[in-house]
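Colleague: Sharing the features that Swiss-Prot gives for it:
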MOD_RES   Ala2  N-acetylalanine
DOMAIN    8-43  domain 'EF-hand 1'
BINDING   Asp21, Asp23, Asp25, Thr27, Glu32  Ca(2+) 1 binding site
DOMAIN    44-79  domain 'EF-hand 2'
BINDING   Asp57, Asp59, Asn61, Thr63, Glu68  Ca(2+) 2 binding site
DOMAIN    81-116  domain 'EF-hand 3'
BINDING   Asp94, Asp96, Asn98, Tyr100, Glu105  Ca(2+) 3 binding site
MOD_RES   Lys116  N6,N6,N6-trimethyllysine
DOMAIN    117-149  domain 'EF-hand 4'
BINDING   Asp130, Asp132, Asp134, Gln136, Glu141  Ca(2+) 4 binding site
Amino acid sequence: MADQLTEEQIAEFKEAFSLFDKDGDGTITTKELGTVMRSLGQNPTEAELQDMINEVDADGNGTIDFPEFLTMMAKKMKDTDSEEEIREAFRVFDKDGNGYISAAELRHVMTNLGEKLTDEEVDEMIREADIDGDGQVNYEEFVQMMTAK
């Protein structure tokens with residue numbers, strides 16, 4: 001799994017790993033994971049942190065080492081860039097199926113997700129993704145937005 005990563009990606013993940021590994025001992029504990037999650041505005045319980053560690057902790061020693069971290073990141077990357085998932089997400093937004101996401105369609109979906117956005121905010125989201133400037137988002141633009149690093 002991790003052997004499909006580029007050297008650049010591995011270097012980036014090493015940097016991320018170091019942010020988690022506060023004491024620099026080469027492993028991430030539940031305490032260190034909790035610190036980082038809270039700094040990102042999350043509020044995980046001790047049990048949730050333990051579950052997260054257990055999911056990744058291949059050797060069962062209760063902490064995450066760098067190879068385990070790499071495997072997790074490689075899995076996540078494989079999962080997120082799935083062409084089919086992006087196509088499905090596009091279909092959710094493109095209510096009338098015309099191949100474009102309009103401001104009205106975007107507002108509708110965001111409202112259903114519980115996000116009350118102003119017209120300005122919706123227009124801004126469209127503008128950010130709208131590469132050709134036609135005022136709506138086509139599939140190519142949507143893919144660009146979803147896969148932008």
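Backbone N, Cα and C define each Cβ position, glycine as well.
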Colleague: Who are the long-range neighbours of the domain 'EF-hand 3' (81-116) in its own chain, taking Cβ under 8 Å and residues 6 or more past its ends?
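Modeller: Sequence-remote neighbours of the domain 'EF-hand 3' (81-116) are 122-123, 125-126, 135-139, 142-143, 146-147.
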Colleague: How about long-range neighbours of the domain 'EF-hand 1' (8-43): same chain, 6 or more residues beyond its ends, C-beta under 8 Å?
Modeller: 2, 49-50, 52-53, 62-66, 69-70, 73, 77
Colleague: Say we define neighbours as other CB atoms within 10 Å of the CB. Which of the binding-site residues Asp96, Asp130 has the fewest?
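Modeller: So among Asp96, Asp130, the binding-site residues given, the one with the fewest Cβ atoms within 10 Å is Asp96.
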Colleague: Check Asn61 (Ca(2+) 2 binding site) against DSSP and tell me helix, strand or coil, would you?
Modeller: coil
Colleague: Inside 10 Å of the Cβ of Tyr100 (Ca(2+) 3 binding site), count up the other Cβ atoms and send me the figure.
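Modeller: There are 19 of them.
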Colleague: For the Ca(2+) 2 site given as Asp57, Asp59, Asn61, Thr63, Glu68, which other residues of the same chain have their Cβ within 8 Å of the site's Cβ centre?
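Modeller: Not counting the recorded site residues, we get Thr27, Ile53, Val56, Ala58, Gly60, Gly62, Ile64, Asp65.
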Colleague: Sort the binding-site residues Asp96, Tyr100, Asp130, Asp132 by C-alpha distance from Asp25 (Ca(2+) 1 binding site) and give me just the closest.
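Modeller: Closest candidate to Asp25 (Ca(2+) 1 binding site), judged by Cα separation, is Asp130.
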Colleague: For Gln136 (Ca(2+) 4 binding site), name the DSSP secondary structure in the helix/strand/coil scheme.
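Modeller: DSSP assigns Gln136 (Ca(2+) 4 binding site) to coil.
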Colleague: What's the CA-CA gap between Asp23 (Ca(2+) 1 binding site) and Thr63 (Ca(2+) 2 binding site) in angstrom, rounded?
Modeller: 13
